[in-house]
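A.B. asks: Handing you a structure now.
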Amino acid sequence: MYGIEYTTILTILISIVLLNYILKSITSMMDFIIYRFLLVFVIVLPFIKAQNYGINLPITGSMDTAYVNSTQQESFMTSTLCLYYPNSVTTEITDPDWTHTLSQLFLTKGWPTNSVYFKSYADIASFSVNPQLYCDYNIVLVQYQNSLALDVSELADLILNEWLCNPMDVTLYYYQQTDEANKWISMGDSCTVKVCPLNMQTLGIGCTTTDVATFEEVANAEKLVITDVVDGVNHKINITLNTCTIQNCKKLGPRENVAIIQVGGSDIIDITADPTTIPQTERIMRINWKKWWQVFYTVVDYINQIVQVMSKRSRSLNSAAFYYRI
């Protein structure tokens, strides 16, 4: 009997010790699993973006989002305005503080003096190919000059729109334009551009590919040329390479925060786009030639009307181009 009791007690003690060992083993295993999971979580956490409610937008002088134009009720306290003008302005206006004077005048129209910037350019053709536009609203003054041999409508097309361009090797390759937004832009001291359309067998249509004299001339001795040909047709191109460069460009869309004011020649009478007589619905104006002070006074006086048809730092593909003439 005593042997049975001792055996029972011993069995119970062994069971208790074994159970205690099993529980400790399970506890240690759970601790190992939990700590390892926490370690992995801490390591991976910096690489996890749990809340990503937006996308990265490329900014090239404008945000690729259309903004509702609310300038009519805006005090412009948070907006910036850049006025671009030719270097010839400082030849006529000798006052070293002329920009300060204009800043004070813009202040009377609701533009703080630290929000208006004046920037000069030497060559409108070079400026138009790669304009550096820094402000919420950008106004470019273009002076009319017959001697420049420039088509102002082509300048406006370049400045008022964003372009993606790549160089062309017309000596080795044929080129075709894919759609209406695809243009060939030539620029230089003297650009003469000739083209020869090709059929499916790369034979000239109305021209001979080996005889430049048979090519169709689309531009002669111009400083800036935007060539538009029939889409989807290969072309052999001839250009005065020693005085001109050519690029294959794609129009991305309008810069809605940019306006052009063309300062016309003294022999031109045109009030069709004058902001002083016609309410503006586009971003293109004209002011017939006056002294530069009078031009700037006109711009200041009508600045808030001008920006009504612009969009602050916006580039909407559905909006019309904008060009003013003074």
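From the backbone N, Cα and C atoms, a Cβ is placed for every residue, glycine too.
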A.B. asks: Regarding the disulphide bond with Cys196, report which of Cys165, Cys207 Swiss-Prot records as its partner.
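C.D. replies: In Swiss-Prot, Cys196 forms its recorded disulfide with Cys207.
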A.B. asks: Helix, strand or coil: which one is Thr214 (Ca(2+) 1 binding site) in, per DSSP?
C.D. replies: helix
A.B. asks: Around Cys196 (disulfide bond), which residues of its chain at least 6 apart sit with Cβ under 8 Å of its Cβ?
C.D. replies: Gly204, Ile205, Cys207, Thr208, Thr209, Thr214, Phe215, Glu216, His235, Lys236, Ile237, Asn238
A.B. asks: Using a 10 Å radius around each Cβ and all protein chains in view, which of these binding-site residues has the most neighbours: Asp228, Asp301?
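C.D. replies: Within the set of binding-site residues, the most crowded position is Asp301.
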A.B. asks: Rounded to the nearest Å, what's the C-alpha distance separating Gln177 (Ca(2+) 2 binding site) and Asp95 (Ca(2+) 1 binding site)? Just drop the number here, would you?
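C.D. replies: If we compare the Cα positions of Gln177 (Ca(2+) 2 binding site) and Asp95 (Ca(2+) 1 binding site), the gap is 49 Å.
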A.B. asks: Below 8 Å Cβ to Cβ and six or more residues apart, same chain only. Which residues does that give for Asp95 (Ca(2+) 1 binding site)?
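C.D. replies: For Asp95 (Ca(2+) 1 binding site), the qualifying residues are Thr101.
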